[in-house]
Amino acid sequence: MARANDEAAALIQELADLLSITGGDAFKIRAYEKAARAIAGHPDDISGLDLAGLRKIPTVGEAIAKKVLDYNTTGTIRQVEELRTQIPAGVRALTAIPTLGPKKALAVYEELGISSVDELAEAIKEGRLRGLKGFGAKTEDNILRGIELMRSSGERVLLDVAAGVADEVVAALSALPQVERCAHAGSLRRMRETIGDVDVLAASTDPHPIMEAFTALPLAAEVVVAGDKKTSIRTDRGLQVDLRIVPPEAWGAALQYFTGSQAHNIRTREIAVKAGLKLSEYGLFDADSGDLIVSRTEDEVYERLGLPWIHPALREDTGEIEAARKDELPRLVTVEDLRGDLHSHTDLTDGIASLEDMVAAAADRGLEYYAITDHAPNLFMQRMTDEKMLAQRERVRELQKEYPGLVLLHGTELNIDPDGGVDWDAGFLAGFDICVASVHSHFTQDEAEMTRRLVRACENPHVHVIGHPTARSIGRRPAVNADWDEVFRAAARTGTAMEIDSFPDRLDLPADLIRRAKRFGVRFSVDTDAHSLGHHRNIRYGVGTAQRGWLTPDDVINTWPLERLRAFLRKDGGAR
DNA sequence: GCCGTTTTCGGCCCGACTGTTTTCAGTCG
């Protein structure tokens, strides 16, 4: 499913990695890294671009454009192939070990011929690194622990796990008298779909006792680094938590810095430099005099750089700086914008809460409309029947009388079969207020079959929303193979919404596909797919994903007033 | 390698911590 853009970007990034090992010019390496990000984030398919088209991509110049053309015609890049003969893949893999970078990787390869993580571990145990310049006892120790960590728990965690840890740390530290402000930052604030480590920021004039309290937290299994400005711990589950403490007056600059992404920060600092300023976590300064200009709020920092405040979900250097300069940033959808939820389950199928309890939870969220969409019969283990579904509909109509402010929609989650058909005939389907249709089986069909399957589902006049379209399970099952541009064209043409499922292990559609779909004019539905009362809280992850996809309220059908939504559900083009 | 309402050549983001060093390189974010 990897697009040409992703493969070309990976090759350019590999070129940067290999050059950093062989000791290439650091600025050239950064140029490759920037270009790799730009190519991966470029909306157009690079395989259809010529030299001039490629050079229009920011940070892609003559030399890199030619390398991409090389990839377009040969499927690889000649310089990468050449460097691979000099530096074995295993040496590049060494740099994935925490505390071991390109310089040390090259040293062990050149001096000892080590070209894999296993060989390195073996060499350390045999004492073969002794006497190697720059490698002392502590370094050996750190590498061994780094290897251990990488093998056991070095994986990224899901958003809800990271959010739970962050909430606990922020709550504990906020209770300390020395702490004036405390919040999480980093990739969690940007709502990335998985989190490598949790970043927490605190403002204080007296950091030492805070750091001591931090390392003494029950969840701190190990202290990784310890200073008065920065301290890192690791939880017993292997998740690293970084705490940075800054003076209260530096809060805004620090929050901007520690939210990242690194690529976004590089851009903002470059803008500062060009304006004769210097931006760091302590503030925006005059480059010559060193005088502080602003630092208290993120707003001030961006404003002084000539930019509007940029939402954290956009801070990936994938076009937000350019959009900000032109004052074309989208007004992103928020949890508060949502009037309804169009996908949920009850204990009639695999939910664990009753219809009554789920509806009460929806009412507590302040929703104006709410769809109950239990599974359809072809998901055989759920034992759905026509009779059960019609009986549920009666209960929904009864229950409606108790909720004058919440319109209940009776729906179902259909199963898209391998040919693109769904569970019921048109007559029965017409009785539902809304139908979500999802892929629940035959995940490994080839791209052509899967594309046809999804397009046919969109073309069904009774299918309103494609549920969790890629069917991925983060860390467990990859996305299905499909020609997504073809699917999105069909969705836009037929007035079928793409779901953004809020489950932390789904987040489906993913943000990059959301941005692609939006370019075709596709509409979206941000839903919980709740199977229990607690799942209603997951909506913030779905909204975060929608924000990362640059969506406005108008793009999201369940922000619309009910009448506009009903027109969309008629699939006659009236609301599009 | 890229880029330019100061520049087509000379710049290129900034700081914290660790470890092996006698003043700093490497790594990380």
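The backbone N, Cα and C atoms fix where each Cβ goes, glycine too.
A TrEMBL annotation is a machine prediction, not a hand-curated record.
TrEMBL annotations:
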type: DOMAIN; residues: A:3-316; note: domain 'DNA-directed DNA polymerase X'
type: DOMAIN; residues: A:52-71; note: domain 'Helix-hairpin-helix DNA-binding motif class 1'
type: DOMAIN; residues: A:92-111; note: domain 'Helix-hairpin-helix DNA-binding motif class 1'
type: DOMAIN; residues: A:127-146; note: domain 'Helix-hairpin-helix DNA-binding motif class 1'
type: DOMAIN; residues: A:340-418; note: domain 'Polymerase/histidinol phosphatase N-terminal'
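Only residues 6 or more beyond the boundaries of the domain 'Helix-hairpin-helix DNA-binding motif class 1' (A:92-111), in the same chain, are considered here, and those with a CB under 8 A from a CB of the stretch are 14, 17-18, 20-23, 117, 120, 123, 129, 132-135, 139, 142-143, 146-147, 149-150, 154. For the domain 'Helix-hairpin-helix DNA-binding motif class 1' (A:52-71), residue counts in helix, strand and coil come to 14 helix, 0 strand, 6 coil, using DSSP. Within the domain 'Helix-hairpin-helix DNA-binding motif class 1' (A:127-146), the DSSP-based counts of helix, strand and coil residues read 10 helix, 0 strand, 10 coil. Mean model confidence of the domain 'Helix-hairpin-helix DNA-binding motif class 1' (A:92-111) amounts to 90 (pLDDT, 0 to 100 scale).
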